[in-house]
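Per Swiss-Prot, the features are as follows:
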- H92: active site, proton acceptor (ACT_SITE)
- H259: heme b binding site (BINDING)
- R88: site 'Transition state stabilizer' (SITE)
Amino acid sequence: MSNEAKCPFHQAAGNGTSNRDWWPNQLDLSILHRHSSLSDPMGKDFNYAQAFEKLDLAAVKRDLHALMTTSQDWWPADFGHYGGLFIRMAWHSAGTYRTADGRGGAGEGQQRFAPLNSWPDNANLDKARRLLWPIKQKYGRAISWADLLILTGNVALESMGFKTFGFAGGRADTWEPEDVYWGSEKIWLELSGGPNSRYSGDRQLENPLAAVQMGLIYVNPEGPDGNPDPVAAARDIRDTFARMAMNDEETVALIAGGHTFGKTHGAGPASNVGAEPEAAGIEAQGLGWKSAYRTGKGADAITSGLEVTWTTTPTQWSHNFFENLFGYEWELTKSPAGAHQWVAKGADAVIPDAFDPSKKHRPTMLTTDLSLRFDPAYEKISRRFHENPEQFADAFARAWFKLTHRDMGPRARYLGPEVPAEVLLWQDPIPAVDHPLIDAADAAELKAKVLASGLTVSQLVSTAWAAASTFRGSDKRGGANGARIRLAPQKDWEANQPEQLAAVLETLEAIRTAFNGAQRGGKQVSLADLIVLAGCAGVEQAAKNAGHAVTVPFAPGRADASQEQTDVESMAVLEPVADGFRNYLKGKYRVPAEVLLVDKAQLLTLSAPEMTVLLGGLRVLGANVGQSRHGVFTAREQALTNDFFVNLLDMGTEWKPTAADADVFEGRDRATGELKWTGTRVDLVFGSHSQLRALAEVYGSADAQEKFVRDFVAVWNKVMNLDRFDLA
């Protein structure tokens, strides 16, 4: 018998057939429990913002400047300068961001972890991060990997003569992979049209995805599915960049600006390239893509398989990209690796070689570069940039800053001496508070007026929830601060019940106006604060109705944004297509409603227990959209009781679907057949899913009422303050 067969630990914890293998459709709650303190080596007392503020950023930048031109034999620098490599590293760190759910982006340093560290489009960026390790090692906890990756991209640009728009720190590292849906394909770079394709119909890309193929950051540089058609590629570019929050002008600026520097690598056939980092042997120490082609590095490097250098100035900011784009006619050719690319027809060899100063090459371009000339809208912008270099430089600086900071959320999170003073619309700006805040006595007075106004508990709670629950922990957008629920587009969202919302806001505005008018010394309450305070009053009244006296925590300090400070198109992506906490579905989806509930809970940074107690409380408070009775398992509505759990777990009730699609269910008395309740999948999952049922049993027990109220108040307060970065 072999030693392996004798080993008593061969089937240690974590090995063997998993629940997911047996029941692949089982609701997965694991995304609610990522990034716990158990995986964080920094300890609960570590505050990254405080550590970063003590950092000598100028010293870090000096070290980065020196690194740019200190070529290492184990991975030599193209043209003697690592700038192009580090721009790509920073771009690909930030470029996974997508607007649909706010996931991806540079904010957590996820490029260090699978799957991103092993995506084909990130080939050889493992070398870029290893080049940075001595600097990361030197400054330690004072600068995160997430911040360092972006800062390095900025310094790369600056070291090559480009003036950047600014840099903000504040991206704290996480210590395990984020669980993000990147697509259903099982093969890297799988083409569209297969059984797991992300495309349907007339090349309609699946939401929330933004990249065109599994393992790409943006688009296929050879063209759609490798078809070298610049016009068809432009359609992919426009769709993908829009899903990453970029308009046409920003898109042109980013492509042309980024491709002013460096080169691509396709010295030989891809068959020479070894396994990606996650599949490489343990002796590779986290490095991948080892190439057997000649030396495997420098002039022999293979990354994308394309062999393109765009400009005569690959280590210096210039406008040569547009000069070449419009100055030549282009003919299709193939790289040494066999990839489609384009070469300037009849051109002289004017492009420098990356390693041999005696050699020159003809200008080359990617299919997606030519899209900037042959797509009519892109061409118009490109020619304007060509004729107005200062406009191009400004547009690229702004687009680069947006690319690398889009997922950071509000300016309140920006740290460091290089934060630009200019406030940008895409940052969802909120005015600074310029008046004294209300105190506890004022809050009590306002709550009394709200409760005497005729507004119901359900109206108060549902309005506060609608305002606060737009928050996304992914890109830190949304939340109650700013009171944007009173502005377009939020005031018109179906989930926000526009007619009821308008009536509630009118009443609250009258209370606010009267209160502010009666103050001396400039004290005021913002509508944003009053919306949250009114919701707290509703929760307190509901607890009182259930026999419990509680005070819901409240922290004033929110301000009211204006319509002019709100980008309607950008804000539209926050509209809920599903909110299980309000038993709301905008339409029918392939994904079951309970999966959408867990997704919403994860964006709200909730744990499974928090999700459970919150939903059970909101049901009995009548927070459903349209006053739906689904899931309102109580005869004491607007009282904060644990009735939802008690009645869901009652074995005297038998549940059956009302239709074949099993989205809505009737609960009837087992003995008499009398209809007792109706519920949705989102309601019944708390009785059917074993882990959620275990949580429901905690809150449905005879001794649970006080704990239920206490836990509900805690998670309510958490959601109301998710966007209060000023309180951190």
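Residue 1 is the first one shown; counting continues down the chain.
Positions of Cβ are set from backbone N, Cα and C atoms, glycine also.
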Whole-number Å value for how far the residue listed as 'heme b binding site' lies from R88 (site 'Transition state stabilizer') (Cα to Cα):
10
Cα-Cα distance linking H259 (heme b binding site) and H92 (active site, proton acceptor), given in Å to the nearest integer:
14
Let's check the environment of R88 (site 'Transition state stabilizer'): how many other CB atoms sit within 10 Å of its CB?
24
Nonlocal neighbours by CB distance (under 8 Å) for the residue listed as 'heme b binding site', same chain, sequence gap 6 or more:
W310, T311, F321, L366, D369
Run through the Cβ atoms and count how many others sit within 10 Å of the one on the residue listed as 'active site, proton acceptor'.
22
